[in-house]
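Participant: Right, I'll just put the structure down here and ask away after.
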Amino acid sequence: MDAKSIFRKVFRSRKQPEDNLRTILVVDDDVGFCDNLQDILEGEGYEVFVASTSAEASKIARDTRPWLALVDLKLPDGSGTALLSDLKQVKSDCVCILMTAYADVDSAVAALEKGVFYYLQKPIRPAELIELVDLAFETIRLKEEKRKSEEALIARNKELEDIIARLRKIIE
């Protein structure tokens, strides 16, 4: 068993912090490409929603609040980078991977400046896609774990502050 297989096995065996943590929105105007990605990702246990335009993607994102978005750079009704801003407004912690067959340094830099998790050049190999998506969801899981730990710490600090305040009253 190679390292990638072990990583996938370990990742899949971990308890997910939220039921819908494995939701993905795929946005590309090539319907056949979307169907292929959907088949690959659903085969890996992800819930996948597909859109072919920015407008359709925005509506689906509002309804499903996906954790990960795979977005084509060039869409019929706008750019993928513009859609990223819309997705972040719907769900600020949505992780975005930008896909393109027309990679250039300027678009890659612009995408990374907008907070893109990864800039993926087409054609996409299934193994590369699965590895990248698994890595994105591991990052999401760790961020969620950190957020929940911070919330628990804040709540515990509040409890301790209340106890200290009561102890001060007793001492006085």
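Easy rule for this one: first residue shown is 1, then count along the chain.
Every residue gets a Cβ built from N, Cα and C, even glycine.
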Participant: Coiled coil per TrEMBL sits at which of 59-86, 143-170?
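Facilitator: When 59-86, 143-170 are checked in TrEMBL, coiled coil belongs to 143-170.
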Participant: Restricting to the same chain and to sequence separations of six or more, state which residues have a Cβ under 8 Å from that of D72 (4-aspartylphosphate).
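Facilitator: The list for D72 (4-aspartylphosphate) reads V27, D28, D29, D30, G80, L98, M99, T100, given in order along the sequence.
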Participant: Please count the residues of the domain 'Response regulatory' (23-137) that DSSP assigns to helix (H, G, I), strand (E, B) and coil.
Facilitator: 56 helix, 29 strand, 30 coil
